[in-house]
Structure formats: structure tokens, C-alpha cells
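Step one of this worksheet: look at the structure below.
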Amino acid sequence: MRIKVRDMILVSLFAALTAIGAFIRIPTPIVPFTLQFLFCAYAGTLLGSRLGLISQLLYVGIGLAGVPIFTKGGGISYIFQPTFGYLIGFILCAYVIGKLTENLKEITFIKYFVIVVTGLMIVYGIGVPYLYLIVNYYLGKAMTFRHAIYAGFALYIIPDLLLSALVAFTSVKVIPILKKLGYKKEK
């Protein structure tokens, strides 16, 4: 797999933006609201599946290596944090958003919004069950799956849908400009 210098820079940029998004947060019980998803979704829409995936793998890899770029620090033990499932979700989210947008013939807000929300549901689909399992079986605290859905999904779905709309709207405006400038997403 060969990667161009420009692509390395873009991958690093989106990994850094995702890290910055971890520190732009609203503290809430159990799962903080952050802007990580915003940058993860942009990685998928703007970089494509391959580079979007690599950017999020880089972000998670750096954090697991010990650099404190996650919302509560870093290190390999972070896999035992209730919110680590969302980080796994970001990796798949960027890939899926990128893959679905790469094959679009026509760029429209509705298509991009549906694709970004699909990516968001992947994040929640991995994050909420992981939250439930870690809280119940690692931390040893009683949490019903219903409470996990409330604490890890219901509180955040409206703001995340607004972020999804923002990503879709801006991507639809920016991508044609990038194409005119000669930038093509790597498949």
C-alpha cells in the first residue's frame, strides 16, 4: 500500500482534529458530548474510505500507545473505559461514510445526510453495547441495557443529528471545490 505525502498530511490532520474534538466537550454523566464524531465524519466524506479509516486508526493507535488524546487520557488500559466502544465505532464510521460517498454519482445534501447518519448509527451500534458490557462486567456496576441506551444514545442523538446535518451541508459545498482544485478521494 503506497501513500502520498499529501495523503499522509491529510490523514495526520484528521487524526489531530479528532483528538482536538475530544477536548471540546460538554461533561455529562458516563459519556461526555464531544466533537470527535464531527471530525470522524469529515474524515470519511473528505478523505474517502481508505484514508478516513487510516486517520481514525492513527488517532486510536496514538491514544492506545499512551498519548493522552482521548477524553479521559490514553494508554492501552483505555480499552476498559466505558466509552472506548465509540472510538472503535469512529474507525468503522469513517470507512463506511467514505465508501458510501465514493460511489455517489450526484452529490446532494439528503444523500450525504443519510450516509453520515448511517455512520453515526455505526458509532452508536458499537458504543452503546460496549458501554453496557464494560459498566456491567468490568466495572461491576448494575446498568440495564435500557439505561445504557439512555446514557449513551438518547442524550446525544439530537446534537449528533445536527452535527450530521452540518457535515452533510458543508461537504456538499466543499467537495465540488476540492474536485475543481484537482483533489480526488483515494479509494
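Just so you know, glycine gets a Cβ as well, placed from its N, Cα and C.
Any TrEMBL annotation is an automated prediction that lacks curation.
Under the heading transmembrane segment, TrEMBL lists 7-24 (among others).
Residues or ranges marked as transmembrane segment in TrEMBL: 53-70 (among others).
According to TrEMBL, the transmembrane segment annotation covers 76-97 (among others).
Taken from TrEMBL, the feature transmembrane segment applies to 109-133 (among others). Sequence-distant contacts of the transmembrane segment (109-133) (same chain, six or more residues past either end, CB-CB distance under 8 Å): 30-31, 37, 40-41, 44-45, 82-86, 88-90, 92-94, 96-97, 100-101, 143, 145, 148-149, 151-153, 157, 160-161, 164-165, 167-169, 171-172.
The transmembrane segment annotation in TrEMBL covers 153-178 (among others).
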State the residues, same chain only, that lie 6 or more residues beyond the ends of the transmembrane segment (53-70) and have a CB under 8 A from a CB inside it; answer 'none' if no residue qualifies. 3, 10-15, 18-19, 22, 40, 43, 47, 76, 78-79, 81, 83, 87-88, 90-91, 93-95, 98
Quick test of the contact rule: Cβ under 8 Å, at least six residues beyond the ends. What residues does that give for the transmembrane segment (153-178)? 28, 31, 33, 35, 37-38, 41-42, 45-46, 101, 107-109, 112-113, 115-117, 120, 124, 127-128
